[in-house]
C-alpha cells in the first residue's frame, strides 16, 4: 500500500467519523429518570424495521439542553431531533414535519392541544410532540401527618390551610420546616394564578404585577420569614438558579412538598417504602386551585439534512402504541389523546404510585385557563426568571415587597425592549 | 574525588548521533541565513512568533470580539445577527443615581456583584497573604514532619474547585458536618451557615483561602529558602530580637515573592466564581454573587440571555484587572530600584 492510498484511507475514515451520512438521525436527549433507557429500547425495534435509518442517541445533561443547544441551533449545528423544555422560545428552529408525515391528521388529532406550545405564533406547523405532560402539584408525607395526628387537608383546601396543617405536623414531629416549594418561577406560577395573578396582559405582553401576584408573593415571603417554608431552598442561590427541595421531602425533613408529576418515578425509587406519601393536587387560592401544565417535547430541527428519515423516527415515537408504552414504563402522563382515551396500565407494582398518578390526572381538570395559556406564551420563561430572582431577594432581606414588584415590572420591560 | 570524576558525562550513542547530527545540520542552515538577513532582532522576533500567534488567536482576537459584542444589542447569539448599539450597554450599566447604593441603579445586579467582589478582593487577598506567610514561615522551620505538613497545606490546590465547593457545602449546610459537631460538643442549635448573609460571605472567603493558600505558601516558602542563612546567623550573634529579624531581614528580602503573590492573588480573587457558585450559588439573596457569576447569568443562564450586557461587564472587569496589574508592575519596578540602590 503506497502513502497516497494510506492518506486517502485515513481521510475517508476521518470524514466518516465526523460527517452525518444520509440516513443518520441524531437525537439529543436528556433524562429525568429512566426514559433514556426506555427510548433506546423502543428505538432498537425501530432500527430492526428500518435498517436504512441509523438513529444515534446522544444522552446529555439537562444543562447541555438548556445552555448549549440554543447556541448550536443558532449556528446551524444542532442535532436532527432534540428533547427540550424551552419549547416556545426556540420555535423558529423547529422543522415543519407536515410535508414529510404519512398521516398529519392523526398527529394533529392526538397532539393538537399542545401544538401551539411548540411553534411560532400564527403558524400551523407540526414541529413535534410532548413526550409527557407534566402538572405541578403537591406531595404530602402521609406517615408524618398520621404520626402527628393531623388530618390531611381535603381537595378544596387552601394554601393557608395546607401551611397550617403542615406547620402542626412540623411542630409535632420536630421537623426543620413545614413545607417547601422548588426554587423556580414556574413552580410558583400556579399558586400565584390561584391567588388571581394574571401574567398575560390584554395586548399579549407581560402584565404588570397585579393584586393577585402581590397577594401570593406577600404570603410566600411571610411563610419564609415565620419558618413555615424551607428558607434554604429559595435563599441559598442568586439569580435564576433552579433548586429543588426533593431531597428534603425524601429525607422526611418536610411534611408537604410542592413540585410536580415528573417527580413521581424519582420519589418512588428513592423513598422506597421508607414512609407513605400521597399526591395532593394544587392547594386553592381565592380564584382557583390550579397547577401549571408543562412538559418536555421531542422536536425536529429545521437544519436537518435528512428530513424524511427524521419524520419517520418522529412518527414512530409519536405513534399511539409507542407513546403508550413510553408513558407506562416511565410513569409519565401522556399527551397523546388516543393513549389517554384508551387508559394506561402504569408499569409499577405500587398501588400508591398508581393513585398518585391518577391524582395528577384528576388535577388536570382544575387547571385554570391562565395556566393553560402560559406554556404557549413566549414571555413565560423571562417572567419566571424575574419572579424567582426578585422574590429570593425579598426573602433574603435585600428588597422590600414594593421594590420587588417594581423590579419585576422593570425587568420585564427590559426583556421586551431587548428582544425587539 | 577529582572535579572531573564528579561531573556526569553525557554522550550520544552511535545511532542517536547519526540521526541528530544531520538534522541539526539541516536546521542550522536556515537559522544562519535568517541571522544574516534579520540580525539578532530578527532572530528574536522569529522565535517569539509562535507564541505571539497563539496569544493573538486565543487572547487578543477573543478580546476584540468581546469588545465588539459589548457594542451590540438584542437576543441573537451570533455577532453578524446582532444590532450595533454603540455604548448603550455601558450606559445601561452606568445608569445609576448612587453607585454605592445598587438599588438605585438600573443594572442593580452588576453593582451588587461589583461591590461584593471589591469587598471579597480586599478581605480575601489580605487574609490569604497573611495566612500563607505565617504558614510558610512555620513550614520553613525545622519542625517534625515538615514534608508531611507541606503536603497537607498544598493538597487542596490539587482539588477541582467544584469538589472544593461540594465538600464545604456538605460541611456548612443546615444538616451538615459542622452543625453535627457543634451539637455533639456543645448541644448547639442548627445554624444555617449558608443562609445567613454574613456567615455565607465569610464562608466564601474562608473556603477560597483554604483552597488556594497552598500555592501561595509554596511561592513564599521558595522565597524564604532563598534568603542567605548567614544573615540570620549574624543577627543571632548580635542578639537581635526575632520580630526585628522578621521585619528587617525576612520581609525586605521576601518582598519580590510577596509582590508576585499579591498580583496573582488579586487577579484570582477578582475572577472568583466556580467554588463559590457551587457553595452558595451566589446567595443568600445576592450577598455572595460576584462579578463573574453576574456575567455568567447575563450571558448564559438567564431566560432571554443578554450577551451584549455580559460582554460589557466583562470588559469593565478586564479593565479593572489591567489597572491592578499595572499598579503591581509599577510597585515591583520601584521595589527593584530600591533593591539596586
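Yeah, the Cβs are placed from backbone N, Cα and C, and that goes for glycine too.
Remember, TrEMBL labels are computer predictions, not curated facts.
Annotated features, as they stand in TrEMBL:
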TRANSMEM  B:43-69  transmembrane segment
DOMAIN    B:114-328  domain 'ABC transmembrane type-1'
TRANSMEM  B:118-139  transmembrane segment
TRANSMEM  B:151-171  transmembrane segment
TRANSMEM  B:199-224  transmembrane segment
TRANSMEM  B:245-267  transmembrane segment
TRANSMEM  B:308-327  transmembrane segment
Residue numbers, six or more beyond the limits of the transmembrane segment (B:151-171), whose CB comes under 8 Å of its CB atoms: 135, 139, 177-178, 194, 203, 207, 210-215, 217-218, 274-279
The transmembrane segment (B:118-139) touching the transmembrane segment (B:308-327) per 3+ Cβ pairs under 8 Å rule: no
Candidate ranges B:43-69, B:199-224, B:245-267 - greatest C-beta contact count to the transmembrane segment (B:118-139) (under 8 angstroms): B:199-224
Surrounding residues of the transmembrane segment (B:43-69) on its own chain - C-beta under 8 Å, 6+ positions past either end: 31, 34-35, 79, 82, 307-308, 311, 314-315, 318
